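Feature list (source: Swiss-Prot):
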type	residues	note
SIGNAL	1-27	signal peptide
CARBOHYD	32	N-linked glycosylation site
REPEAT	41-351	repeat '1'
REGION	41-1407	region '4 X 308-326 AA approximate repeats'
CARBOHYD	45	N-linked glycosylation site
CARBOHYD	179	N-linked glycosylation site
REPEAT	366-711	repeat '2'
CARBOHYD	699	N-linked glycosylation site
CARBOHYD	801	N-linked glycosylation site
CARBOHYD	844	N-linked glycosylation site
CARBOHYD	880	N-linked glycosylation site
CARBOHYD	926	N-linked glycosylation site
CARBOHYD	1059	N-linked glycosylation site
REPEAT	1068-1407	repeat '4'
CARBOHYD	1226	N-linked glycosylation site
CARBOHYD	1280	N-linked glycosylation site
CARBOHYD	1383	N-linked glycosylation site
REGION	1408-1450	region 'Necessary for membrane localization'
TRANSMEM	1423-1443	transmembrane segment
């Protein structure tokens, strides 16, 4: 073992036995000169931190109370450090071997030289130091005589020194003495007697110096503990000092710290009031040298004499009354400097020292009682046999183990009475004290006595653990965890021997609280106080209790968060005995702010708590039904109480500012009691002593002391439902479905339902890819409900033959996945595929009777869509999300009999954001932010974040609208129910305000088993709650009771058995759209290429075509005639209103360029703008319309025909199809294309800078279905339209369908014609959204006539809006990847947006389509019949067009 740094321990001991004769270091002092220079290197390698020049003054100080280091001319020392004589003898043997005298001389000179070297930095002319140790060869002499001789020798030497002006020069004299009997560590009375004895011994010497030496600053230095330490740690060859002052009390760490402080205070009080400090030229200051109460086991190798010199110097730099006095590792190598404000050596006067009166900051209380109001105080009807059904009144015995906080040290001490901290007020102890009653003294024992007045084992009054009044409070002051096993053995022995209790039958509460002292000493011995060792010590003690004590409930209180103690210690306005604090807890209070050592301590504190928790959670102490250990974590996060002024409130502490005051004991008792009633997993982990809370009461719902098993907050759940029977016969209606009727369970969704990362351990990021399907909240079936809470495990409590659930781990294709068909990362667009697979599995698996078994299918989707929405906001729009979800549910509705579908909302992405942002250390930001970039990367208050929130709300709204449409309530054996428990979700928060990452997988995105458990409980609760009253908020940390069906309400709830009426949607006021695009800027300069054309570059808009472009009948209710052309509402050219009220292509473009020209308004010809369409137009009219349009453009003065970019939309062919039956040759596909080509040629020759939309004609097959009598077909159509005359002729209808397809196919080739690709500023792009046109259906699946005007022929405003949206979206889709169908569903957010990556309108070239196709078709067209369409546009539309055409022709 290495020795402590500084003077060698042999040397120190020799120093303490100083030899004879004054000695001064001079260059001519013979052999005595060279030897010390060889032995002591003093401050040669020491970095001097002070800046003397800043403190220099030219005038020498006249007062000792303003004495600066630069004023000192000489350093000297005298002393006697021998053991005091035996009582009554008055003498000490001073004889020492001659060989030691030389070494003693060297040690003394070395220390004085080091001190002199320090002063030399301030005053280079300081003289060589002087040592005047005792004679040692004069035989027997008293200590007083020896000191007298030294003093006289010193004075003589000073007077004879020619370099010293004895009268004017300032001298620094150090008087060394010892108190090696350690009487200063005894009780106050003994200490005072011994102190007076020493004072008498030294008074003569000090009086002599005071009288004889002018201008002197005298240090009175007690090196008692330095000597004791030397004797304890190194063999010196000398006999240890005899114990001549045996203390009446045992010396403990606490008593030693208190007595050290008291000893120093006594010396300072004596000296401050003495005559030695009443003059201007002389002062005596006491400098104590106390060692740390616990020294490090390993210390640096011995250094030179600088250590002791530095300590003397540093003490001189500290104001009297604020000297800490202890030697500690942190200060052994540091030097303090005079400050600008206090550049002098500190005396009692310039320190403003007053006799210490320690007063607490805050209001002191001698006692603190609490009002007890719990109504239910009865015990169990019979003595319980299980600890998990233990009521407070069942407790008959109480006990405790721990340290001084449980022993009650200082709990009842009055303010300022530091010595009384040694008194153990066990009757006031928070966990086991039993003084008085709850009304005056609040303790756990007194709380329990309100339930059972016959409680035994509590401690009363004061005394140590071995006194009768301590009873079963076996806490030992100063104890560490390695002493806990001995306490456990003693407690067991006491209980067994106590005749007043029944050891075998009585229920016992034992509270264990330990660890503060371990932390306080941990930096000095990391092996002894490591977290693992600490936990092992606790385990040893708990093992003893577990093995020996029947019927016991053990509170294992987490070690307290100890660093807040620093706030009290570091606040100068708070009066605390800091020397005691540093002695008791050096490893907390001796560390620098923001130091690595402090960070290590904080981490060690946390590990103590964490490892203790793991020990308890291991289940090691839950193997017997009559014994458990419960972790009570209320001290894990402690807030320092503060006064109204914001200062640390010392009234909560004993006079030593370390132990608890009675007020804190009271509030700790209430906190412990609250913890005991709180469920495991939901216990308070935060303690604010400032707040006095009432005593919590058990209730009928939770009457028992909480254990792991009765808390229902592990991953398992207890089921206490009584109504578990199935229906008398299998129900035929989903509205009379009981839980026990469910025979099959299945699930669809993404990573959450697939179970990714559910059981992954913290930090194991790679394991997140593991799919723990058996633990999935909606589909998992691992183990049983008491171990794993999932929906299937709940349903298995009702029907043990349930099938379909997944077990273990594996992907979607594994056998263990069964009917859990969720796929990690799946999006809404993948849902239909999952549905198809699920249906096929259910049909093919023999365990499932597809037609007879009742099924619960849970669907959860959307989170993955939001993770990627910003990458392609068009693809992941709310409209598309709704469409995909509807398609999947439609398949289930159509294909699956006897099914109840749970549609579960996705978790709001803001939760994931908060977890990431507030836990950057725990969450792997760099690795996983890529997986959910659109959620995790937007800045706070950014536009991107606002868009995320808007998309989230739109997704949720679309789910609600879809279900409440009633679309899935048309069959008696099928229903979709929205389970909204995730609609509003609260972030699980720890007591310190940080998100609780234990609810999440290691990636902080997916959910842990803890969260899945809560999801399962919440889903089950929702399934039993009626519509309109379902829980729509989830706090993962709250206790969710497992609901039960009842006799009155035995069914899983649907809209019908909830007597719920879906809310009637408010009438839609307009068919406008919301504009969410952010990329709106035009090109930096006007583009010269049509392939780099942005929407904002468009200056002119125009259109040509037939009645669809004139918008005839779009708003017939506002006109007396159905023939009115509402050009201002036309899909491709109308400009009435704004986009928010009317969705048209120009209104969309106005968002990019408000100055756009050419759009139509109103109904009059003169406001048609550049809309040249005619109602009855056919393809043959297109060249004429093209000429008219060119003429209009050229004659419009506001249009720059050469520079402005123009957008022309052409749609024709409806009337051609109508007349094809009469004249197939003239209305052939070839003729149709020829006329359109001619019109395009005109534009090609006449107009620069043009982008032309050629829209394919509508797909018109599958017509003439029944319309329910709402749109009876006029007889004129049937009589005059040759096509429809043969509508019953299958061959004729096939021919019509073929021609329709040929027209579309022919137009589709136009985009690739070589002719139209020769100019850089000209492009023709075919927009195919009408190729496959779905019949518009309402929310219940019926024909939706709101798309048409009252004649069921013309498009209504809504129909035009849908066409405008479809056209715009086609324009932003690459050629070859354009949407070829129109989705007639209402959503205000269906408009796509250009993006920074793809800002241009798409042409063949910028779509990266190979130009070979265009070259192939430059001269020859190849016709192809398109694939048969999905369905017709609307019933009767072709007939009406034919009728209309005939009428016009006639």
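Counting starts with 1 at the first residue shown.
Any Cβ shown, glycine's included, is placed from N, Cα and C.
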Can you tell me how far the Cα of residue 1383 (N-linked glycosylation site) sits from the Cα of residue 880 (N-linked glycosylation site), in Å?
10
Out of 801, 844, 1059, point to the one nearest residue 1226 (N-linked glycosylation site) in space (Cα versus Cα); all of them are glycosylation sites in the record.
844
What is the one among the glycosylation sites 699, 880 whose Cβ has the most other Cβ atoms less than or equal to 10 Å away?
880
Glycosylation sites compared (844, 1383) - highest count of Cβ atoms within 10 Å:
1383
Distance check, please: Cα of residue 844 (N-linked glycosylation site) against Cα of residue 880 (N-linked glycosylation site), rounded to an integer number of angstrom.
31
At a 10 Å cut-off from the C-beta of residue 1226 (N-linked glycosylation site), count the other C-beta atoms across all protein chains.
13
If one looks at the chain holding residue 801 (N-linked glycosylation site), which residues at least 6 apart in sequence have a CB under 8 angstroms from its CB?
743
Far apart in sequence but close in space: which same-chain residues, 6 or more away, have a Cβ under 8 Å from residue 1059 (N-linked glycosylation site)?
1026
Secondary-structure category, per DSSP, in which residue 1226 (N-linked glycosylation site) falls:
coil
How long is the line from the C-alpha of residue 699 (N-linked glycosylation site) to the C-alpha of residue 880 (N-linked glycosylation site), rounded to the nearest angstrom?
51
Per-residue pLDDT averaged over the repeat '2' (366-711) comes to what?
93
